[in-house]
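As written in TrEMBL, here are the features:
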- 46-494: domain 'Major facilitator superfamily (MFS) profile' (DOMAIN)
- 44-67: transmembrane segment (TRANSMEM)
- 120-141: transmembrane segment (TRANSMEM)
- 153-174: transmembrane segment (TRANSMEM)
- 180-200: transmembrane segment (TRANSMEM)
- 238-257: transmembrane segment (TRANSMEM)
- 323-344: transmembrane segment (TRANSMEM)
- 356-375: transmembrane segment (TRANSMEM)
- 387-406: transmembrane segment (TRANSMEM)
- 412-432: transmembrane segment (TRANSMEM)
- 469-489: transmembrane segment (TRANSMEM)
C-alpha cells in the first residue's frame, strides 16, 4: 500500500481502492451505530455526567479571577511615625503596614499574604504554577487514560482535584497555598484532557459535532457561577469551600460512569465490550441480537486480540511525517488559544469595571458559543471555523488597543474577545481530537492541549503588563499567526475516526 501526502494530507491507495473500501465496513458505523445506536438515552446521560466534571476543573482554573482581584490599598503606618500625604495603591519604601480595600472579599490572598508592591508578581506566579500543573496533568492523565481506561482516569483526577482544592482553602502561608494549587492543576488537567475524548468515543460519528461542543458548555457556566460564589462568600477560603462542596457531588456521579465502548474495543476487551453494549442497547431500546457478532467482526478486522492490544506511547505522535506535522501545529495553535482565553479573561477584570458584573456577564455570553460552534463546524467544517474564530479574536483585540481603559466600551470589546476565544476553544477541541486515531487519540489531544496550558502560564503576567495596550497588541497579533498555522492542517469534517496509527 502506497500513500501520497500533500498539503491537505489526502491519502490514496494505489490498488483496489473501491474494492477495499467496500470490503471493510467502517468501525464507527458497524460497531457503534448498528449495535447500540449513535445517540440515545444512554449516551445522553453519560455525556451529561462526563461534561459536568469539567465544572470541577474550570471552577479551579478560573477561581483566580476572585482570588487575586484588583485590590486597592493604602499605607496605614510609616516608619518612625512619619507623616506623609498618601495616595491609593501606592507603595512606599518606609511603610510598615498597609490597609486593604474590601470591595470583593473581606479577605483575598492578596490581602492575606501581602501580595503587593515588591511581592505583587507572586499573585501571577500562583496561577502560573497551577497552569504548570495542568501541563503535567494533561500529559500524565492522557497516558493513564489511554493505558488504563477513561473511567478510571476521570474518577482519579476528579478525586485528587477535590482533595487538594479543599486543602488549599486551609493553607496557612502563600507557598503552601501555591504548592497545593500545583496539584489542583495536575488533576484539573487530567479532567480536561479526558472529558472531550470520553464524549466523542461514546456517540456515533454523525453526532460528534453536537456532543463534542456541548460537552464544553459547563466551562461558560463555571465562569458565570463563580461570580455568584464570590458574591456570597466572605473570604477566599469560604469561596474555595463552596466550590469544593459542589465538586464533591459531581465526583459521586462520576462513580456510576461506564468505560467508553471504543476504548474497550481498541484494547481488545471483547467480553467487556459485549456486556457494555448490551446494557446500552437495552437502555436505548434497541435489539441486542447481533452485538456479539458485530464485536467479533470488528476485532477481527482491526487485528486485535485481548492479549495482543498495542501499547502506544508519545513517540507514536511523531511516527509519520503527517502525524508529526499535525502534532507540532496543534501544540502551536493550542498555545495561542490558551494564552488568549485565560489572558483576556483576566485582562478585562483589571480594566476598571465591577468585577462581579464583568465575570458574570462574560460567563453568560459564552454559553451560546457551544451550540454556535456545533452549527458552524457542521456547516463550514472544522478547519474554516477554527481559522475564522482566531481572526475574530484578533479583530476585537485590535479595536481594544484604541479604546480608553475604565470604560464600558473597552470592557464590552474585551468580553467579545473572550466570547470569540471560547468559540475557538469549542471548535478546536473537536478539531484536534478528530485528527488522531483511537490508539493515540487521548495522548495526541493531551500533548496538543498542553500548548494551551503553556499559554495560560504566560497569561497572568501578560494580563497585568503596563501599559495596557501592549497586552491588547499581543492578544491581537498571535491569533492571526495561529490562523495561518491552521492552513497546514487537514479538514476532518465527515471523515471517519481512525482507530490505528497505520490507518
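Cβ coordinates are placed from backbone N, Cα and C, and glycine is handled just like the others.
Just so you know, TrEMBL annotations are computer predictions that nobody has curated.
Since the structure is predicted, the reported quantities are computational estimates derived from the model, not experimental observations.
Non-local neighbours of the transmembrane segment (44-67) in the same chain are 104-105, 108-109, 126-127, 130-131, 134, 154, 158, 161-162, 165, 184-185, 187-189, 191-192, 195, 198-199, 202-203, 211, 214-219, 221-223, 225-227, 229-230, 236, 239-240, 243, 246-247, 250-251, 253-254, 256-258, 342, 345-346, 349, 355, 359, 456, 460; each lies 6+ residues outside the stretch with a CB under 8 Å from one of its CB atoms. On the 0 to 100 pLDDT scale, the domain 'Major facilitator superfamily (MFS) profile' (46-494) averages 84 in this prediction. Just going by CB pairs under 8 A, the stretch in 120-141, 180-200, 387-406, 412-432 that sits most against the transmembrane segment (469-489) is 387-406. In summary, the transmembrane segment (387-406) lies against the transmembrane segment (412-432): three or more C-beta pairs, each 6 or more positions apart in sequence, are under 8 Å.
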